[in-house]
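Participant: Just passing along the structure, written as structure tokens.
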Amino acid sequence: MKIKTRFAPSPTGYLHVGGARTALYSWLFARNHGGEFVLRIEDTDLERSTPEAIEAIMDGMNWLNLEWDEGPYYQTKRFDRYNAVIDQMLEEGTAYKCYCSKERLEALREEQMAKGEKPRYDGRCRHSHEHHADDEPCVVRFANPQEGSVVFDDQIRGPIEFSNQELDDLIIRRTDGSPTYNFCVVVDDWDMEITHVIRGEDHINNTPRQINILKALKAPVPVYAHVSMINGDDGKKLSKRHGAVSVMQYRDDGYLPEALLNYLVRLGWSHGDQEIFTREEMIKYFALNAVSKSASAFNTDKLLWLNHHYINALPPEYVATHLQWHIEQENIDTRNGPQLADLVKLLGERCKTLKEMAQSCRYFYEDFAEFDADAAKKHLRPVARQPLEVVRDKLTAITDWTAENVHHAIQATADELEVGMGKVGMPLRVAVTGAGQSPALDVTVHAIGKTRSIERINKALAFIAERENQQ
């Protein structure tokens with residue numbers, strides 16, 4: 001049997017991390033078994049579904065590189081199929097037309113609640129032999145079995161049982177002729193030959209209804225696995241107030257897809273004590289029986305730690321392809337300065353996100369208008385004039401511009417003036433970067449370039465001279 005899973009989001013908003021984790025688990029399970037992964041857009045909610053949301057879901061899936069083998073299928077393009085199946089069920093007697101008014105149903109609901117009963121349809125039209133005109137408005141209900149129970153072996157939670165007496169006669173077609181969500185899902189899983197349904201725990205109560213419809217259609221019943229919810233670090237359900245919850249927001253905030261995937265796979269699944277997983281390792285080791293039943297707590301600090309790891313562990317050339325987008329957001333012209341892959345090597349240890357890297361690299365490519373006020377006040381003082389003049393001359397004399405030779409020039413300046421490296425290094429750092437912090441000074445000066453570094457030292461010397469004149 002070929003394993004076939006699906007990810008079936010509703011396009012009413014962005015792809016959030018809970019949905020992304022569900023997609024990842026479904027994708028990994030299919031890949032682990034050499035199966036296929038289907039993308040299905042469940043857009044039956046015509047009022048809330050938007051093209052923008054569909055695009056956002058696709059963007060998120062593509063950014064995470066969760067490629068699908070089939071689809072995307074759209075439920076709104078399959079209404080003829082759903083209605084054909086409903087008509088077949090009406091003929092076979094597994095569904096029936098219900099003409100009860102909203103007023104009657106509301107009165108029934110209030111009466112049941114007043115008695116402390118669970119609100120449910122009383123089956124009036126199921127047993128009715130009244131004649132109705134063909135054009136009289138009605139819904140179609142599934143004739144749910146009234147005896148026995150539904151039992152399914154959830155691959156994460158174990159056996160789950162529902163009494164059929166607890167289940168309503170579900171509406172499967174509305175008065176406007178449109179099929180309902182729970183019914184469309186059943187027909188889709190049947191037609192697309194889905195073998196394993198991996199989805200959020202909020203769908204557990206839908207499962208017995210869907211199984212009963214599948215059995216009425218004499219269709220195979222897939223295996224189900226319901227993943228627990230994700231909470232914020234305060235124990236409450238993850239929401240916007242916990243920070244970014246959209247996958248693409250994490251992209252915008254400077255996270256790598258590898259970091260988010262690694263974090264999400266461990267958010268409820270484990271393989272021993274291993275924390276870092278390549279995509280290949282995730283596929284190799286993933287198993288549903290290792291997924292936790294308990295809710296997981298989202299920890300942004302842990303995600304940040306993973307992101308920092310991947311910035312430094314992945315090939316700089318690859319990280320640079322993701323950094324490019326952030327550079328563009330900052331409107332930095334990188335034509336004059338180090339290659340982005342070299343920038344990743346320079347700033348990788350200091351920066352935990354690519355956004356932070358893009359925001360702290362401008363001095364490598366563009367001249368700055370003024371020095372950081374605090375750094376200049378502390379380090380661009382008259383006492384720094386001589387170290388800057390000497391190191392400028394030694395840098396000017398370099399014929400082979402390498403980081404090693406830059407280091408020698410700085411060291412030689414300190415030796416000649418008989419001062420510590422800090423007496424040379426700190427004024428030089430502020431002079432060439434405009435700030436008080438940077439990567440190692442030799443590689444920083446080397447990356448900025450000889451001509452630009454010397455010009456900036458001269459600018460710093462002019463700043464010191466002006467400062468002296470004002471005193």
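Cβ from N, Cα, C; glycine included.
As the structure is a computational prediction, the values presented were derived from the model and not from experiment.
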Participant: Give the range, chosen from 92-96, 112-116, 237-241, 297-301, that Swiss-Prot lists as motif ''KMSKS' region'.
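Facilitator: That would be 237-241, per the motif ''KMSKS' region' entry in Swiss-Prot.
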Participant: Among 9-19, 31-41, 196-206, where does Swiss-Prot put the label motif ''HIGH' region'?
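Facilitator: Feature motif ''HIGH' region' in Swiss-Prot: residues 9-19.
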Participant: Near the motif ''HIGH' region' (9-19), which same-chain residues lie under 8 Å Cβ to Cβ, leaving out any that are not at least 6 residues past its ends?
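Facilitator: Distant contacts of the motif ''HIGH' region' (9-19): 41-43, 45, 48-51, 53-54, 56-57, 59-61, 200, 229-230, 238, 245-250, 260, 264, 298.
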Participant: Within the motif ''HIGH' region' (9-19) only, compute the mean pLDDT.
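Facilitator: Taking every residue of the motif ''HIGH' region' (9-19) together, the mean pLDDT is 91.
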Participant: Should Cys98 (Zn(2+) binding site) be counted as helix, strand, or coil on the basis of DSSP?
Facilitator: strand
Participant: Does DSSP put His127 (Zn(2+) binding site) in a helix, in a strand, or in coil?
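Facilitator: Where His127 (Zn(2+) binding site) sits, the three-state DSSP reduction gives coil.
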Participant: Using the Cβ center of Cys98, Cys100, Cys125, His127 as the Zn(2+) site position, which other residues in that chain lie within 8 Å, going by their Cβ?
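Facilitator: So the extra residues in range turn out to be Tyr96, Lys97, Tyr99, Tyr121, Gly123, Arg124, Arg126, Ser128, Arg141.
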Participant: Near Cys98 (Zn(2+) binding site), which residues of its own chain have a C-beta under 8 A away, given they sit six or more steps off in sequence?
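Facilitator: Cys98 (Zn(2+) binding site) has long-range Cβ partners Tyr121, Arg124, Cys125, Arg126, Cys138, Val139, Val140, Arg141, Asp169, Ile171.
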Participant: Taking the Cβ of His127 (Zn(2+) binding site) as the centre, how many other Cβ atoms fall within a 10 Å radius?
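Facilitator: Result for His127 (Zn(2+) binding site): 8 neighbouring Cβ atoms inside 10 Å.
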